[in-house]
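Here's what Swiss-Prot has on this protein:
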BINDING   C114, C233, C328  [4Fe-4S] cluster binding site
BINDING   Q115, D116, R154, G197, R404, T450, T451, A452, G453, R454, K474  (S)-malate 1 binding site
BINDING   N200, K201, S202, F203, L204, L205, Q206  (S)-malate 2 binding site
Amino acid sequence: MLRRLAPLLAEFNFVPLVSKVSHKETKYRLLTKDYVSVVQPGAGLPEMLRVDPAALTLLSSTAFDDVEHLLRSSHLMSLRKIFDDPEASDNDKFVALQLLKNANISSARLLPGCQDTGTAIIAGYRGDQVFVPGNDEEALSRGVYDIFQKRNFRYSQNVPLSMYDEKNTGTNLPAQIDLYASKGMEYSFMFVAKGGGSANKSFLLQETKSVLNPKSLRNFLKEKLAMFGTSACPPYHVAVVIGGTSAEMTMKVLKYASCHYYDDLITKPDMKTGYTFRDLELEEEVLKVCQNIGMGAQFGGKYYAHDVRVIRMPRHGASCPIGIGVSCSADRQALGKINKDGVWLEELEMEPSQYLPDLKEDELLKTPAVMVNLNRPMPEVLQELSKHPVRTRLSLTGTIIVARDSAHARMREMLEAGKPLPQYMKEHPVYYAGPAKQPDGLPSGSFGPTTAGRMDPFVDLFQSHGGSMVMLAKGNRSKQVTKACHKYGGFYLGSIGGPAAVLAQNAIKKVECLDMKDLGMEAVWRIEVENFPAFIVVDDKGNDFFEQL
């Protein structure tokens with residue numbers, strides 16, 4: 001006779017999904033001792049930290065002022081190390097030099113480091129002994145509003161008027177604010193300015209148990225990491241999260257990891273302190289994969305990534321979510337905290353010039369740039385470009401039209417309605433970009449390129465109507481663009497993604513709004529440039545630089 005076995009019951013053992021990280025190496029600067037006080041509520045209750053909402057507004061405003069203009073010293077050191085690596089390509093070093101120059105310019109707080117000053121993202125952890133009268137989110141949002149009004153930033157947030165119609169808010173609000181409960185008498189924060197380029201390179205991949213073995217996982221990551229391409233402005237800080245109790249948890253940890261928030265995480269699973277851990281060995285392997293992809297720091301080489309963070313999490317037995325993402329060369333985040341001693345913000349590097357190498361561009365570039373005069377008929381410009389192979393470095397001078405997503409969509413509507421493509425799209429090169437605000441006394445605000453790939457669906461249509469014959473932007477493009485350029489005799493020129501302040505200060509001489517002013521920063525602009533740097537990426541013969549890597 002069979003006996004029924006009693007089920008084995010595991011003892012209750014609470015283990016946090018992600019163990020607490022200390023950030024003990026982070027250095028902070030004191031903003032103020034105002035707005036905080038310790039109060040005794042009585043009735044046997046513990047003392048409380050009272051935080052005036054003005055403290056949240058000050059911290060938020062100062063944090064975004066800093067991250068838009070300054071970088072962490074660790075990021076700058078990673079750029080500087082490229083010059084000491086004999087395996088780094090000349091292209092790697094050239095891009096790194098531009099990014100360091102850009103950091104030096106933006107540290108003056110007149111031009112932000114990137115024209116896409118991003119979505120304001122705030123994560124806050126409020127201790128149970130912290131009391132804030134009023135609305136925390138409102139106070140933090142006020143700080144975002146204040147600094148975006150004050151500084152030469154860009155308003156990038158669109159709100160829906162209907163399912164299909166939308167408008168720019170003109171404030172960069174709403175911000176994304178996630179607030180959590182924690183223990184203690186401290187309110188801690190992470191502030192992130194996340195641009196569209198790197199945000200769009202966050203991928204959730206729903207896999208299965210079959211990928212959880214060394215060979216399969218390595219092959220999987222080798223294939224998927226190339227999906228980033230160069231449009232999010234490498235060198236990257238790459239993050240990989242394997243597992244997760246839900247899709248949203250995987251992606252949240254991914255974003256935090258790309259910001260180095262979990263650098264202090266345990267490196268082995270611990271049944272008492274935490275299951276989620278960093279795999280340092282796999283991080284080194286994945287970094288080598290990135291170095292061998294060939295894209296390098298945008299135009300070929302080793303430095304596709306500065307570093308890699310790989311985090312393993314618990315998962316449901318039927319699911320294996322994997323998240324991969326990046327923080328780009330505009331690596332913009334800072335920690336903050338409010339405690340009984342005052343309001344504190346992470347120290348970012350205010351003297352980036354110390355990381356500049358004693359090196360001139362001419363020492364890196366073996367051949368001089370081809371000078372291209374854009375102020376002549378388009379057929380002549382195309383004839384000049386056709387003389388040179390992909391990879392050729394150019395120096396552009398003349399008139400360029402600036403148009404991006406919304407302007408392209410409106411022009412397509414014009415064509416669909418039987419109207420002609422605007423003449424300026426036929427007579428001049430088109431630069432995919434959207435400027436930050438123009439500082440007083442300067443011809444341009446920060447004005448770097450946006451991701452070219454988003455405009456790929458428009459290229460064949462526009463070129464068939466004689467427009468977009470020369471395109472200028474950042475990143476690699478799809479085969480449909482290569483085919484269109486081959487068919488119609490067009491070109492795609494790549495610009496370095498990241499050094500938006502350098503371009504504004506050195507290459508852009510005049511900016512004026514030409515058309516579609518109601519689109520805000522996505523309006524059509526006319527700019528005059530002088531020695532604007534670019535590379536031939538796709539030519540009129542069916543060649544694509546990135547396909548040759």
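Cβ coordinates are placed from backbone N, Cα and C, and glycine is handled just like the others.
Shown on the structure are the features that Swiss-Prot records.
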residue	record	DSSP (3 states)
R154	(S)-malate 1 binding site	coil
N200	(S)-malate 2 binding site	coil
Q206	(S)-malate 2 binding site	strand
C233	[4Fe-4S] cluster binding site	coil
C328	[4Fe-4S] cluster binding site	coil
R404	(S)-malate 1 binding site	coil
T451	(S)-malate 1 binding site	strand
*Quick one: of the binding-site residues N200, F203, L205, C328, which has its CA closest to the CA of G453 ((S)-malate 1 binding site)?*
N200
*Among Q115, N200, S202, Q206, the one of these binding-site residues whose Cβ has the fewest neighbouring Cβ atoms within 10 Å*: Q206
*asked:* What are the sequence-distant neighbours of C233 ([4Fe-4S] cluster binding site), meaning same chain, six or more residues apart, C-beta distance under 8 angstroms?
replied: G197, S198, Q298, C328, S329, A330, K474, G497, G498
*So which one is it: of the binding-site residues C114, C328, which has the fewest other Cβ atoms within 10 Å?*
C328
*How many whole Å apart are the CA atoms of L205 ((S)-malate 2 binding site) and Q115 ((S)-malate 1 binding site)?*
30
*Kindly assign Q115 ((S)-malate 1 binding site) to one of the three DSSP-derived states: helix, strand or coil.*
coil
*Going by C-alpha distance, which of the binding-site residues N200, K201, S202, F203, Q206 is nearest to R404 ((S)-malate 1 binding site)?*
N200
*For R154 ((S)-malate 1 binding site), nearby residues of its own chain (Cβ under 8 Å, 6 or more apart in sequence)*: P112, Q115, D116, T117, N172, G434, P435, A436, K437, G445, S446, M521
*Other C-beta atoms that fall within 10 angstroms of the C-beta of K474 ((S)-malate 1 binding site)*: 25
*What is the interatomic distance between the Cα atoms of Q206 ((S)-malate 2 binding site) and T451 ((S)-malate 1 binding site), given in whole Å?*
26
*Whole-number Å distance between the CA of L204 ((S)-malate 2 binding site) and the CA of T451 ((S)-malate 1 binding site)?*
20
*Counting all other Cβ atoms within 10 Å across every protein chain shown, which of the binding-site residues K201, F203, L204, R404, T451 scores highest?*
T451
*Expressed to the nearest Å, what is the distance separating K201 ((S)-malate 2 binding site) and C114 ([4Fe-4S] cluster binding site) at their Cα atoms?*
17
*Going by C-alpha positions, which of the binding-site residues (N200, S202, F203, T451) is nearest C114 ([4Fe-4S] cluster binding site)?*
T451
